[in-house]
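As given in Swiss-Prot:
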{"type": "BINDING", "residues": "Trp88, Lys124", "note": "(1,4-alpha-D-glucosyl)n binding site"}
{"type": "ACT_SITE", "residues": "Asp342", "note": "active site, nucleophile"}
{"type": "ACT_SITE", "residues": "Glu397", "note": "active site, proton donor"}
{"type": "SITE", "residues": "Asp466", "note": "site 'Transition state stabilizer'"}
Amino acid sequence: MTAVSLSDGTGVLKTDPWLEPFSGALRERYAAYQKQRTIIEEHEGGLAEFSKGYKSMGFQVDKNGGVRYREWAPNATEARLIGEFNNWSHTANPMTKSPFGVWECYVPPVSPGVCPIPHDSMVKISMTIPGGESIDRIPTWITRVTQDLNISPVYDGRFWNPPKDQQYRFKHGHSTRPVEGLKIYEAHVGISSPNMRVTTYKEFEVDVLPKIKQLGYNCIQMMAIMEHAYYASFGYQVTNFFAASSRFGTPEELKSLVDKAHELGLTVLLDVVHSHASKNILDGINMYDGSDHLYFHEGGRGRHDQWDSRLFNYGHHEVLRFLLSNLRFWMDIYMFDGFRFDGVTSMMYKHHGIGSGFSGGYHEYFGDSVDLEAMVYLMLANAMLHENYPHVVTIAEDVSGMPTLCRPVAEGGVGFDYRLSMAIPDMWIKLLKEYTDDQWEMGHIVHNLTNRRHLEKSVAYAESHDQALVGDKTLAFWLMDKEMYDFMSDLSPLTPIIDRGLALHKMIRFIVHTLGGEAYLNFEGNEFGHPEWMDFPREGNGNSFAHARRQFNLVDDKLLRYKYLYEFDVAMNWLEDKYKWLNSPQAYVSLKHEGDKVIVFERAGLLFIFNFHPTQSFTDYRVGVDTAGEYKVILTSDETRFGGHNRIDMGGRYFTTPMEWNGRKNWLQVYSPSRTVLVLGL
């Protein structure tokens with residue numbers, strides 16, 4: 001047996017002895033992390049200092065009003081700062097180059113305290129590259145870029161330095177709520193209203209934040225904040241890593257939004273894209289200094305065939321500075337509380353997960369197919385964040401099931417707090433597309449909801465933005481389809497399709513919430529069964545906003561049945577707030593009955609009885625429960641306020657009998673109506 005050590009990366013063997021055959025790979029990974037960390041300690045004064053690159057690179061205004069500008073561009077032979085401030089002069093502000101390839105210039109104040117570059121004016125760096133060609137680029141550390149589609153789709157870099165009276169002053173610090181028990185509301189500012197246009201930061205703050213709070217979520221995951229030239233990329237083709245998207249408003253307005261969220265007690269996560277970058281040259285960081293390999297790998301290794309984007313060289317010192325400082329920037333300047341890391345599977349493997357089914361065999365997670373440099377970057381990122389921000393939350397989007405992903409770096413893990421349970425939404429879509437209700441296997445559903453790694457927390461969700469994208473559709477639309485157009489009014493008949501859709505939509509969300517993980521996620525609009533799908537304005541749809549919005553008005557119209565799904569979301573989130581099942585050990589499942597289509601489990605002192613049978617209700621249905629006593633109804637999806645049929649007596653009492661049943665010490669008998677969940681508690 002390998003001796004378990006906390007200092008060589010094999011500490012994870014304590015929680016998973018099956019990793020024993022791969023202890024060599026774990027040691028190698030941890031040694032690579034320690035080596036990179038040692039280099040940073042020796043040359044940069046430590047990881048904390050190294051990750052503050054945003055304080056020295058890009059534009060820095062000194063106390064006298066002068067501006068120092070630094071840019072890493074080793075391939076350039078000459079460089080100069082140009083902009084509206086110097087009438088785009090190529091001679092007024094030349095830059096000098098350090099031995100490490102960093103260009104620098106200082107623009108003195110006009111007079112003491114008066115900045116020479118006007119606030120929000122346009123700026124660029126102009127470089128001469130080998131061969132004599134002159135190229136213009138937007139500074140990589142720029143904090144604001146804007147787009148005027150009447151002139152060009154290419155972004156303009158802007159020098160953001162508002163006067164003191166226009167700078168937003170935070171009233172609240174980072175969230176200090178525990179990392180556990182997250183109920184995450186995944187949101188995209190631009191689509192966050194029923195209007196056929198881009199919604200603003202201010203509108204989101206005023207109109208949407210109170211909804212999120214009322215719904216009972218305690219965390220927001222904000223998509224598409226990092227600037228992206230192509231709106232239809234959903235924010236995943238980032239061009240400017242330090243710029244908050246100007247489509248939605250100004251940097252100060254985003255700060256105000258985050259501050260208001262903190263006032264409401266919400267944790268705010270940024271959907272960070274460090275897995276790849278837009279291949280845009282004129283307004284991105286591709287071919288920045290004329291070379292193919294500045295921030296990225298050269299040639300094929302630096303390109304993602306499916307995403308048509310560039311791939312970072314995580315082994316390069318300056319790339320590490322750029323990415324680690326990017327995380328620190330969003331934490332410090334905008335007060336985000338953590339990150340959902342996009343595309344982690346693509347980062348961790350040289351094959352980027354393409355063509356790999358991932359059977360779960362441990363050999364798939366170690367060896368030549370793993371990108372060790374990317375793994376080290378993720379370990380450095382998590383170490384830096386958790387060492388400097390005690391309440392930070394990091395979530396990995398990984399489909400592969402990488403062991404140790406959510407164990408601390410000190411043990412030899414990768415250091416994330418959570419992973420997304422990406423197999424769960426896939427299961428629901430497959431069931432709804434390919435199987436009739438009486439073909440659903442209860443054992444299959446339970447397995448998918450509980451098949452997660454011991455002591456590695458996961459975020460469960462029935463659907464996210466991925467399922468809503470064009471080509472797919474929301475769960476509600478899979479369930480009810482075109483009948484949603486004609487029969488979602490209380491004044492219209494309750495058709496069998498709508499009745500089934502409302503019932504299953506509640507049950508699917510609730511069983512995922514209660515059985516599926518240690519955190520729960522919902523994509524905005526799905527809490528009330530948003531119809532159709534997501535599709536951003538683009539050439540292929542006549543630049544239409546029809547599907548790039550969230551129709552909250554459907555809930556506000558009290559004649560429509562969407563209110564029932566919304567109210568159930570409120571009830572289940574606030575019930576979790578009271579009983580805290582997300583922060584409890586995994587549920588004990590005592591029954592998966594294929595014939596009856598019934599699932600029974602206990603978690604956080606509650607007894608959950610799900611009857612998925614399309615037609616069969618059961619009288620005096622016997623279920624096992626461990627704790628004896630008098631049980632009462634805590635919640636049922638069949639209540640009238642949730643669009644149910646009111647078949648359960650809310651004042652009913654259920655007494656246990658001290659006799660073993662389904663592996664539990666006691667049993668009680670209930671009435672279990674079809675397509676209904678019943679929650680009992682002492």
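Glycine residues also receive a Cβ, built from the backbone N, Cα and C atoms like all the rest.
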In sequence order, which residues at least six apart in the same chain have a CB under 8 Å from the CB of Trp88 ((1,4-alpha-D-glucosyl)n binding site)? Ile82
When DSSP states are folded down to helix, strand and coil, where does Lys124 ((1,4-alpha-D-glucosyl)n binding site) land? strand
Counting other C-beta atoms within 10 angstroms, the emptiest spot among the recorded positions Asp342, Asp466 is Asp466
Going by Cα-Cα distance, pick out whichever of the recorded positions Lys124, Asp342, Asp466 is nearest to Glu397 (active site, proton donor). Asp342
Distance between Asp466 (site 'Transition state stabilizer') and the residue listed as 'active site, nucleophile' at the Cα atoms, whole Å? 12
For the residue listed as 'active site, proton donor', what is the secondary structure by DSSP, using just helix, strand and coil? coil
Measuring Cα to Cα, tell me the gap between the residue listed as 'active site, nucleophile' and Lys124 ((1,4-alpha-D-glucosyl)n binding site) in whole angstrom. 29
Cβ contacts within 10 Å for the residue listed as 'active site, proton donor', all chains included, total 20
Long-range neighbours only, meaning 6 or more apart in sequence with Cβ under 8 Å: which ones does Lys124 ((1,4-alpha-D-glucosyl)n binding site) have? Leu81, Ile82, Gly83, Asp136, Arg137, Ile138, Pro139, Gly157
